[in-house]
Amino acid sequence: MGFIAFLKTQFIVHLLIGFVFVVSGLIINFIQLCTLVLWPINKQFYRRVNCRLAYSLWSQLVMLLEWWSGTECTLFSDEATVNTFGKEHVIIILNHNFEIDFLCGWTMTERFGVLGSSKVLAKRELLYVPLIGWTWYFLEIVFCKRKWEEDRDTVIEGLKRLADYPEYMWFLLYCEGTRFTETKHRISMEVAESKGLPKLKYHLLPRTKGFTTAVQCLRGTVSAVYDVTLNFRGNKNPSLLGILYGKKYEADMCVRRFPLEDIPQDEKEAANWLHKLYQEKDALQEMYNQEGVFPGKQFKPPRRPWTLLNFLFWATVLLSPLFTFGFGVFASGSPLLILAFLGLVGAASFGVRRLIGVTEIEKGSSYGNQEFKKKE
């Protein structure tokens, strides 16, 4: 094991990375709070500023994937589709099978220049998660309780507010509503059978309300829907903790572009279109499992240096005073100060671990278990 590989496995190094992310995130959140005064003066300037602030935080996670773990992301698509990336507003549909599927998506948004302006339809519980939810609040992310009767007006209002967004945005939808597990899949297929829908082998039954509402509200703003099917070579199931330990993965992403005008305007027909799309996604997964590749030409967009430079900036700004302070504490010889410092380190470790836990499959919501039983 080389020295760099050894460092990647050390808890103290993980703690320092977590410290940089958390403290820089809190600083960024405070700056975002201050930018609220810009909203009534110049809404579009407020949005551009917050896109860059969000980029400064999220790109640290992308840095871990691209530069720390060295994970490779390969696109399977056609040249015409790839040429549109970063040049239009789009809705992204992504399968929700892995703990780091969002991070692979962020890597692509970063490489095509839309990471800071990327959006998602997120569960409301995330709003109260420090850094993640707080940053999203200032980015005008649409939050929902995943109870359509309560969410309808909130979601419609949030989506319509994005109609004049000044930066190209990729709006992510997890149409399955929750991350794939065997239990949720079994319940989901019971619902499919009861509704006379074809069963899916690798996906949960898509929930259509969010999709049809997004398409209706963003017509005239969004140009297309990108369907993205993600897999990892070698049947790997990566985690954010694995990325932090420097484990390298190979992600394959099949991307298909559907112009928005090709998607029916009628809600029922649009829902049927989505069900058909997921049957096609299932076939793509089956092909990948059998052949190890997706159809289409392979593209490997080059990683950019900005994620690494951004992290090095924050590390320099934040770790220098931390080391100076820690040295001073131990040099003082005061047991009280030393215990307080170690307690602070322990609290930071706990906080970082809790943030990582948000992505873990076994810590995922029971939403699919309960809601699918209600047959949507």
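Quick reminder: no glycine exception, Cβ is built from N, Cα and C everywhere.
Here the structure is a predicted model, which means the values were calculated and not measured.
The domain 'Phospholipid/glycerol acyltransferase' feature in TrEMBL is assigned to 90-212. Annotation comment: TrEMBL describes 12-41, 307-330, 336-356 as transmembrane segment.
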Helix-strand-coil residue split for the domain 'Phospholipid/glycerol acyltransferase' (90-212), DSSP-based: 59 helix, 17 strand, 47 coil
Surrounding residues of the transmembrane segment (307-330) on its own chain - C-beta under 8 Å, 6+ positions past either end: 16, 19-20, 23-24, 55-56, 59-60, 62-63, 66-67, 110, 337-338, 341
